[in-house]
Amino acid sequence: MAPLRPLLILALLAWVALADQESCKGRCTEGFNVDKKCQCDELCSYYQSCCTDYTAECKPQVTRGDVFTMPEDEYTVYDDGEEKNNATVHEQVGGPSLTSDLQAQSKGNPEQTPVLKPEEEAPAPEVGASKPEGIDSRPETLHPGRPQPPAEEELCSGKPFDAFTDLKNGSLFAFRGQYCYELDEKAVRPGYPKLIRDVWGIEGPIDAAFTRINCQGKTYLFKGSQYWRFEDGVLDPDYPRNISDGFDGIPDNVDAALALPAHSYSGRERVYFFKGKQYWEYQFQHQPSQEECEGSSLSAVFEHFAMMQRDSWEDIFELLFWGRTSAGTRQPQFISRDWHGVPGQVDAAMAGRIYISGMAPRPSLAKKQRFRHRNRKGYRSQRGHSRGRNQNSRRPSRATWLSLFSSEESNLGANNYDDYRMDWLVPATCEPIQSVFFFSGDKYYRVNLRTRRVDTVDPPYPRSIAQYWLGCPAPGHL
């Protein structure tokens, strides 16, 4: 027995050393560490790379102040002293407000530049991209071969949109004809619309757009038989490419596209393409690893999704985002059969951000709260500087947790919603809900991804794009 004692001591020491190496003790703020076998950063839950003691050492107490609590197209103003509106909502809504110092922050930080930036001084129409904001459109004298710009765009014309997508920094872009818009927390950002060719280096109109929800957050624009891929606003080398080369089985001249995340790093990202009365589901073969994304700014949209993995909703995420086991394109299906309440043909589509039901104020508190500010999409980094990333890459206007709505209900001038019945706001359980937006003509629909049915609200869907997304006046309020 005595000869075994030294071996036992050595084994115990080895176990202690290994446990120390694989522990999160003292590592919770170091970020991703390529030299370690397990990780202790905020995204390790998504990548399934956490050390065994991550929860005990690093995971903060679950608080619901760092998540969205409503879909982005619902925002209610609770104000006892102002005019009542006769609209009553029947969806799960409620949420934090936009802080009033955002615009001051934007003005006070001129060094925080937009993500999009030119690839070269004067790019040809299809090989570069420029900043969407902060620089003047290039004079036509720099491009004598270009056609003259089309007639001035009318914001509230009611014409259909070609595409909607949110960029990796949380900015929301809408495309219509030759022009694109950037939408902020209220309506359209100052200086827009701009010609698509002056912002993205592509001659408009485009057919569809989406941004992948992974750590890289690359944006894809589709036109005819080709597609363009951008990273941090710069066109990737060797683009444009044929759709048939990059998305086998997807037709040319698509009408719309929307992207969904993988439920975890072991899952697959999906994109839905829509054309005519049919849609196609495409699954990506790979998603970038955490190590591959260390050299670039992290997608704020993906970061919000990935950090929600810490709150033990794995089963629900699998239900929402679990795809087929094989990558590639699925056979086309009919829109009207699988997306209940959506018209048989759509012009544009976009995935909304995930919000958490069951977090709205109780009826007794609802009318005491005043939510003065509103926003369609808003993401804030929870990571600090632990990864050594450039935190200025995100738009100042989307640098804090904003309210969960677009400007739908909040942009109706003096109409206030202080007569809501709030009992429906708090369901029996608290769980994530993913919305999908479909745009058709001058109207849009919001669909619950889990049920694939149009949400029931009053006033009902479809609703006006111009009124609720662009800040145009409601009929009778001109």
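Placement of Cβ uses the backbone N, Cα and C atoms for every residue, glycine included.
The compositional bias 'Basic residues' annotation in Swiss-Prot covers 365-388. Residues or ranges marked as N-linked glycosylation site in Swiss-Prot: ASN86, ASN169, ASN242. The phosphothreonine annotation in Swiss-Prot covers THR69, THR76. Residues or ranges marked as sulfotyrosine in Swiss-Prot: TYR75, TYR78, TYR282, TYR417, TYR420. The annotation phosphoserine is assigned in Swiss-Prot to SER130, SER137, SER312, SER397. What Swiss-Prot lists as region 'Disordered' is 91-158, 364-398. Look at Swiss-Prot and you will find 158-202 tagged as repeat 'Hemopexin 1'. Annotation source Swiss-Prot lists repeat 'Hemopexin 2' at 203-250. Under the heading repeat 'Hemopexin 3', Swiss-Prot lists 251-305. As annotated by Swiss-Prot, signal peptide applies to 1-19, with the evidence given as experimental evidence.
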Requested in this report: Could you tally the C-beta atoms, other than its own, that fall within 10 angstroms of the C-beta of ASN242 (N-linked glycosylation site)?
Outcome: 12
Query raised in the report: For ASN169 (N-linked glycosylation site), what is the secondary structure state per DSSP, taken as helix, strand or coil?
Result: coil
Report task. Could you state the whole-number distance in Å separating the C-alpha atoms of TYR282 (sulfotyrosine) and ASN242 (N-linked glycosylation site)? Result -> 16
Report summary line: Rounding to whole Å, the Cα atoms of ASN169 (N-linked glycosylation site) and ASN242 (N-linked glycosylation site) are apart by 27
Query raised in the report: Where does TYR282 (sulfotyrosine) sit in the DSSP three-state scheme?
Result: strand
Requested in this report: Could you tally the C-beta atoms, other than its own, that fall within 10 angstroms of the C-beta of TYR282 (sulfotyrosine)?
Outcome: 22
